[in-house]
Amino acid sequence: MCHLIKYRFLQITRNRPMMFWALAFPMILGTLFYISFGNIGISATGDSDWDPVPVAVINKLETKSSGTFFADFLDAMNGSVLDIQDVKNEKDAKKKLENDEIFGIYYVKEIPSLTITKNGVSQSILTSLLNTYNQNAYLFKEIARTHPERLTDAVASLQTNGSFITEKSVSGKTLNPTILYFFALIAYACMSGAYLSIEAVRDTQANLSPLGARRSITPYRKQFLIFIDMLVLIFIHFINVMILTFYVNYILDIDLGNNYLAILATNFMGSLIGICLGLMIGCIGKLTFSAKIGICTSTTLLTGFLSGLMFGNMKDVVEQNAPILNRINPAAVLSDAYYCISVYNDTLRYQRCMITLLIMSVLFLGIAFLGVRRECYDSI
């Protein structure tokens, strides 16, 4: 078993064309992204000016009450964090929200509320502002009830909140929306591992390569050979993805977050899903090697496109019109996982992404094993 692993490792790493598509091409694409978008690394760390979030405010109060404190809070944020738009009425505000002219609608009432139609960085900021206000309002009520003499100190401490909200997003970092292209890029790189596994499957099929013919007469079962190949491929491709992640994070200076354990886990699951996808494509049907590479290219490009690799808002468009595609598209699930790490810090959502990737990997691998289970060749 050890000698099989050793020689498969050497053979795969010496296959320069496939290693180019799995490692070099994503790094080149990331460099072109960096050049095209400008110095995104600086803007992604909070050193650039913050663009206020366009929002509408609807006053539902008929009389002056405690709810007007929320209106004062929003006015204080206007110009720095928020860009409050003039609207005629609630109908006009909803129309602007549907046309993406604003990112949300705040309702000023006894219990303030927020209406949004999408998930994104700007919407997260609006939600964070509302949560911050509600938490502070509850805190002040409790202080006024139990320790009214400390109310002045509490109000003074609130003044420090302005700079925090201006500089930080939900995860504690300001995030330029164009960084989402790099999330989609790493997801695409993970899916590109399919090229490596299709090449490896060819080397187990006697009708596609001389090496496959020689391996077919060995005493090892074909499922065992594919399993050995899978272990080697996952290790190699995981290293490829980690090199790309290091390049994006430290060379291009794109902040991917500081939860390194979660990044490692996501990269591993991405490597696994990419390799299993290639095994499935390589093991089903009696197609030629060129046809399988064509299917692989179409699949990786399509999943990358739907995850936002070519058009940043594509995932939002899919979410609005066909949300099921975002749930079954492995590249979109991977991109969402990186988004959870760097922006949301949403553990439940991140775990759901990991479980989805694991289920899809097992499904792809099962289909691959079924594809070769009854495969045999005539002795001539």
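Every residue, even glycine, has its Cβ placed from backbone N, Cα and C.
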Annotated stretch (transmembrane segment, per TrEMBL) among the listed ranges 293-311, 331-349: 293-311
Distal contacts, the transmembrane segment (293-311) - CB-CB under 8 A, six or more residues away: 180-181, 183-185, 187-188, 191-192, 194-195, 198, 277-278, 281, 287, 318, 325-326, 329-332, 334-335
